[in-house]
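What follows is a set of notes on a single structure, which appears directly below.
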Amino acid sequence: MVRVGAHTSIAGGVYNAVEEQVEYSGNCGQIFSHSPQVWQDPNIDDDEAEQFRDLAADHGVGPWVIHSSYLVNLCTPKDDLREKSLDSMQKEVDAAAKLGIEYVNVHLGAHTGAGVDGGLDNAASVLDDLDIPEGVTVLVESDAGSGTKLGGQFEHLATVRERTDQDIEFCLDTAHMFAAGYDLSTPEAVDETLAEFDEVVGVEDLACVHLNDSKHECGTNKDEHAHIGEGHIGEDGMRAFVNHDAIRDVPLVLETPTENGKSFAWNIERVKELRGE
């Protein structure tokens, strides 16, 4: 059975994310622990955390991912931003442990002039300074690769893993990969792209996929998500991707838009159809 779910809201209490996931017929999921647009601490009390853990277990929904703040920049050469990013990430991994959540997902961020090599060194350094609780793993996510943002090349992911002492794993975002120039629009392209990822990084360290179609063509570095099968990756590419041997057992988390009358529930059902379930 495919593990597929959506990014759900914690409004009114973190446990509501589980109830929302069940409404969508999702069986795994992702949350923000707080508003991702500001520097803010997760505000989750013990009772809320227990309710979340109990509901997730009762409904069989998991694994879960906490997506880090959009402000976090692991690659930054600026000391103040580095410290804010480190503090934010530490609070995210601690919140994950409290909630019984397995993964914390993070973008590498932008080197903003430090250069690719310097930026990757900076990212590894921040990861090294984290005190990651047992049972929690940091996932580094692939990026669309615009500007000085790193993570758009598989080699960036592999290099950070080589340079950090932490046991990190990875999240591939299909829209980001496509935007960064990794074609996924045909079965042949999916085979080629995933073979390259396996060679450079290794599919055994792929813990999660953000499954999104793309509103823009391959290689544009433009990150705008589309409904599954309705963007430039398209139905053939999405079907090949979700049925690929490297992906079949990996949890799929949707970050698709809610527009044109199509919700997360529609996209989850679409994935199940593409999987023949």
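Yeah, the Cβs are placed from backbone N, Cα and C, and that goes for glycine too.
Same-site candidate for Zn(2+) 3 binding, as annotated by Swiss-Prot with D223, H225, chosen from H111, H156, H176: H176. Zn(2+) 2 binding, as stated in Swiss-Prot, involves E141, D173, E255; the candidate among H210, H227, H232 given for that site is H210.
Residue environment of D173 (Zn(2+) 2 binding site) contains 26 other Cβ atoms, counted within 10 Å of its Cβ in all protein chains. Neighbours of the Zn(2+) 2 site: apart from E141, D173, H210, E255, residues of the same chain with C-beta atoms within 8 angstroms of the site's C-beta centroid are N105, S142, C171, L172, T174, A175, H176, V209, L211, N212, V253. Across the fold, the C-alpha of D223 (Zn(2+) 3 binding site) and the C-alpha of H107 (Zn(2+) 1 binding site) stand 13 Å from each other.
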